[in-house]
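Summarising the annotation, TrEMBL assigns domain 'CBS' to 137-199, 202-258. The annotation transmembrane segment is assigned in TrEMBL to 287-304, 316-334, 372-393, 405-430, 450-475.
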Amino acid sequence: MKNELSLTQLRNALQYKNIHLIRKFVDETPNATIADTIEQLNEYERVFFFRIIKPKDSGEIFSYLEHDIQESIIKSFTDKELEYILDDLYLDDIVDLIEEMPTNISQKILSHVKDKEDRNKINKLLKYNDESIGSVMSVEFIKLNKDITCSKAIEIIRRKREDAEVVHYYIVTDDDNKLAGVTTLEDIVFVDSRRGTYIYEIMEPIQSLNVLDTKEHATLIFADHDMSVLPVVNDKNEVLGIVTSDDVIDVLHEEATEDIYKMAGINSEEGISYNKSSIKLIVKSRIFWLIILMLGSTLSQLVIQIFQAQVEDAKSFLSAAISSAIVVSMVPVISGTAGNAGSQAATTVTRALALQEIKGSKWKVISSELRAGAIIGLILFVANFIRLILYFTATGNLLKHDEQIGIVLMCLVSSLSMFLAVVFAKFVGAVVPLAANKLKKDPAVMSSPILATLTDATSTIIFFSLAMLIFYIFFH
């Protein structure tokens, strides 16, 4: 933007009260960019900024700010200044603001909504579950009766357009406020007005969302329909509001962030960006699952300890073939590869569940992952065997005559263990998300700790069992 100010220039303009430059900056700069800039100001500068810009600009810019910044500004505002901001915000933005603020600030916001009807609408929106589409729908939109003419519709649009959140798509209803269809501004404007065309003649059918549908379900509906807005109805098909693509993008952002954090074993703090997270908050969000995973690793530790005792008992034949250090060093590669294979399966199945792509029998999913696991396992079997032969040749172990048979057998044992561990991990990676979904639990939460614990312990058991069996057969 030609008049986009740097942070330093904006601070200088505020310091010297250059109102003309600041207002010009607001007029010629996107609101999101303005918000990013003023978030870097101190508290006094932010409040002063809002006091000198035009009231009609304040609400839109304010809605782009982070919630903690909004809270600090509200605390510094006079009652009149808060009313100016709220007057310029859509009701769904006010609802979002109230939900994110502490109780005392929320009460202050609600008490400064001047219009009684607006307060009643806000209270109704606040009653919807936070996961339902009703919590994010807009109630400020233009409805058109199907039995009016296009000329009459244009008059209504002109009169109400300033208060409507969407001015391109128009929801069409009947006399009982039941959904009839949708039309666009182009359809209304470009019909032959002399013919007296009615809205029902140009409207199109439209997919609706139930007010109690989950936000995640709404994202799937939007993905299947090429629309920037969808109507929200109740069980009687009465229109209650609309949801826009902007709302859905926010939901997708929240869901994606939450799922990524969960699969990494991190408790996400909703609404707080990484740059604004304190060290205390970062530690708090990560430590829980790290402790859980550490405790889960106790099983692997126990398995290694048990087999270590058996290795000590078998020293008489093991030491002649290969050192126990070489045997133990192969465990991390097998468990790590199995864990990665399981994570691939879990991630794929979790995504498919989230997109509702898995329908019918779940055994098809498990069977598919088992077949894929078998093929991948065979490829890894060959690759791992070649890798170990080259590795032990490079280290000189394979060149020692008294260790050759033991090394080759160990390479076979390691590769066979990897094959079995990968197949098992693929199986677990498919079953755990499916089981979590069946139990109405979040697959992203359960998959990571269960998968890590089971694959580590199982791959260790498989490897040591095969190693002890093979060496007992060949060298006892």
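Each residue, glycine too, has its Cβ placed from N, Cα and C.
Mapped onto DSSP classes, the domain 'CBS' (202-258) shows 25 helix, 16 strand, 16 coil. Sequence-remote contacts of a segment are chain residues at least 6 beyond its ends whose Cβ falls under 8 Å from one of its Cβ atoms, and for the transmembrane segment (372-393) they are 330, 333, 337, 341, 345, 399, 407-408, 410-412, 414-416, 418-420, 422-427. Residue counts for the domain 'CBS' (137-199) by DSSP state, with H, G and I taken as helix and E and B as strand, are 23 helix, 18 strand, 22 coil. Predicted-model confidence for the domain 'CBS' (137-199) is 87, expressed as mean pLDDT.
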